[in-house]
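Engineer: Feature list, courtesy of TrEMBL:
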DOMAIN    5-160  domain 'Aspartate/ornithine carbamoyltransferase carbamoyl-P binding'
BINDING   Ser47, Leu48, Arg49, Thr50, Trp75, Arg110, His147, Pro148, Leu149, Gln150, Cys269, Leu270, Arg297  carbamoyl phosphate binding site
BINDING   Glu142, His176, Lys236, Arg273  N(2)-succinyl-L-ornithine binding site
DOMAIN    184-305  domain 'Aspartate/ornithine carbamoyltransferase Asp/Orn-binding'
Amino acid sequence: MKNYTHINDIDNINSWIEEAKALKKNPLQDIELGKNKTLALLFFNASLRTRLSTQKAALNLGMDTIVMNVSGDAWGIEFEDGTVMNGTTAEHVKEAAAVVSQYCDVIAIRAFPTLTDKERDKNEVVLNSFIKYASVPIVNMESATSHPLQGFTDAISISENKTKKKPKVVLSWAPHIKALPHAVGNSFVQAMQKMDVEFVIANPEGYNLDPKITKETPIYHNQEEALKDADFVYAKNWSSYDEYGKVLKTDLDWMITNKKIGDAKFMHCLPVRRNVVVADEVLDGENSLVIEQSNNRTFAAQLVLKKILENL
Ligand SMILES: NCCC[C@H](NC(=O)CCC(=O)O)C(=O)O
Ligand SMILES: NC(=O)OP(=O)(O)O
């Protein structure tokens with residue numbers, strides 16, 4: 001594999017899940033593979049899990065890591081072609097990506113959407129510019145429209161915790177105070193569409209995700225109806241896609257509670273706002289998988305890096 005930027009880069013999700021589980025059992029099995037190889041992690045946005053689990057994955061493979069908070073610490077990067085750079089940006093991605101490529105063997109990038117410029121976000125300007133101008137493989141650590149390390153992690157977590165062949169999985173929108181990206185929801189949808197699960201989405205009117213992504217997946221506007229007989233409930237907030245980036249007037253009743261999910265396992269990518277997205281009783285209860293999900297981020301990233309290293 002060259003780059004890992006999208007759930008579609010997973011050629012066979014079931015075999016990837018089995019390979020990741022094997023890494024989890026024996027994390028240091030490929031400790032020689034990444035010897036003398038360096039992973040650069042570039043963050044345009046905040047992170048706890050991605051930053052640490054991706055580094056941990058690299059360390060398990062014997063790689064070195066270098067990390068930079070690009071937004072705070074680097075020169076402002078220009079992404080438009082032919083711009084007269086007399087504003088706030090000080091260097092072009094053409095130079096920046098080429099330069100960073102000389103210091104490492106793989107570049108991992110986090111770059112969230114603007115949520116104001118739908119075209120720019122859809123075109124994945126930051127991620128695609130790095131793919132275009134870097135000379136080393138690129139890993140997506142959450143871009144404008146997708147979070148494929150998270151989506152793959154969630155597939156692993158469901159596979160580990162399912163108690164029936166074809167469980168029912170519900171992705172439920174949940175309330176939030178801020179406008180949040182669609183990336184986690186999108187990649188979860190795309191991962192579930194590849195799995196042998198009964199998958200439905202629940203969200204209020206006005207909050208449908210991009211129909212090019214949800215495709216034939218059933219969408220309910222009645223949360224209770226969607227949650228009926230669920231085995232896994234994955235909660236996530238996202239802003240409106242149609243009224244791009246807007247927080248519409250919505251019902252706080254969409255918060256996840258024990259009463260709503262019954263015996264279902266609860267999932268969230270984290271960070272999560274307690275008693276806004278989900279009640280304490282759920283996160284503190286025995287059906288919450290959120291800590292286990294975060295652990296699986298390491299092995300999802302490790303498998304991705306392993307496949308890239310094997311192809312260098
Ligand atoms: N990487 C996991 C989620 C990142 C981001 N959440 C956030 O920005 C939450 C921020 C807050 O709660 O203030 C998102 O939804 O895409
Ligand atoms: N789930 C996730 O990507 O977490 P961070 O934003 O903390 O990296």
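Note that Cβ sites are derived from N, Cα and C of the backbone, with glycine treated the same way.
Where the annotation comes from TrEMBL, it is an automatic prediction and has not been curated.
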Engineer: Kindly state the mean pLDDT of the domain 'Aspartate/ornithine carbamoyltransferase Asp/Orn-binding' (184-305) in the predicted structure.
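Structural biologist: Result for the domain 'Aspartate/ornithine carbamoyltransferase Asp/Orn-binding' (184-305): average pLDDT 97.
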Engineer: Arg273 (N(2)-succinyl-L-ornithine binding site) has how many other Cβ neighbours within 10 Å of its own Cβ?
Structural biologist: 14
Engineer: Please go through the binding-site residues Ser47, Arg49, Trp75, Leu149, Lys236, Arg297 one by one and keep those whose C-beta falls under 6 A from any atom of ligand 2; give the result in sequence order.
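Structural biologist: Among Ser47, Arg49, Trp75, Leu149, Lys236, Arg297, near ligand 2: Ser47, Arg49.
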Engineer: For the domain 'Aspartate/ornithine carbamoyltransferase Asp/Orn-binding' (184-305), how many residues does DSSP put in helix, in strand and in coil?
Structural biologist: 47 helix, 19 strand, 56 coil
Engineer: Can you go through the binding-site residues Trp75, Glu142, Lys236, Cys269, Arg297 and pick out those with a C-beta less than 6 angstroms from ligand 1?
Structural biologist: Glu142, Cys269
Engineer: List the Cα distance (Å, whole number) between Leu149 (carbamoyl phosphate binding site) and Glu142 (N(2)-succinyl-L-ornithine binding site).
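Structural biologist: Here the two Cα atoms are 8 Å apart.
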Engineer: Does anything in the same chain, at least 6 positions from Lys236 (N(2)-succinyl-L-ornithine binding site), have a Cβ under 8 Å from its Cβ, and if so what?
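Structural biologist: Set apart from Lys236 (N(2)-succinyl-L-ornithine binding site) by at least 6 residues yet with Cβ under 8 Å, we have Leu171, Ser172, Trp173, Ala174, Val184, Gly185, Phe188, His268, Cys269, Val277.
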Engineer: Say you check the Cα of Arg297 (carbamoyl phosphate binding site) against those of the binding-site residues Glu142, His176, Arg273; which is nearest?
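Structural biologist: For Arg297 (carbamoyl phosphate binding site), the closest Cα among Glu142, His176, Arg273 is found at Glu142.
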Engineer: Give me the long-range Cβ neighbours of His147 (carbamoyl phosphate binding site): same chain, 6+ apart, Cβ under 8 Å, in sequence order.
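Structural biologist: Set apart from His147 (carbamoyl phosphate binding site) by at least 6 residues yet with Cβ under 8 Å, we have Asn140, Met141, Ala183, Val184, Asn186, Ser187, Cys269.
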Engineer: Which residues in the same chain, at least 6 apart in sequence, have a Cβ under 8 Å from the Cβ of Arg49 (carbamoyl phosphate binding site)?
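Structural biologist: Sequence-distant Cβ neighbours: Cys269, Leu270, Ser294, Arg297.
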Engineer: If you measure every Cα to Cα pair among Ser47, Leu48, Arg49, Thr50, Trp75, Arg110, His147, Pro148, Leu149, Gln150, Cys269, Leu270, Arg297, the residues listed for carbamoyl phosphate, what is the largest value in Å?
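Structural biologist: Taking every pair among Ser47, Leu48, Arg49, Thr50, Trp75, Arg110, His147, Pro148, Leu149, Gln150, Cys269, Leu270, Arg297, the longest Cα gap is 30 Å.
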Engineer: When you measure from the Cβ of Trp75 (carbamoyl phosphate binding site), how many other Cβ atoms are you left with inside 10 Å?
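Structural biologist: That number is 12.
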Engineer: Please report how many Å separate the Cα atom of Trp75 (carbamoyl phosphate binding site) from that of Arg273 (N(2)-succinyl-L-ornithine binding site), as a whole number.
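Structural biologist: About 32 Å separate the Cα atoms of these two residues.
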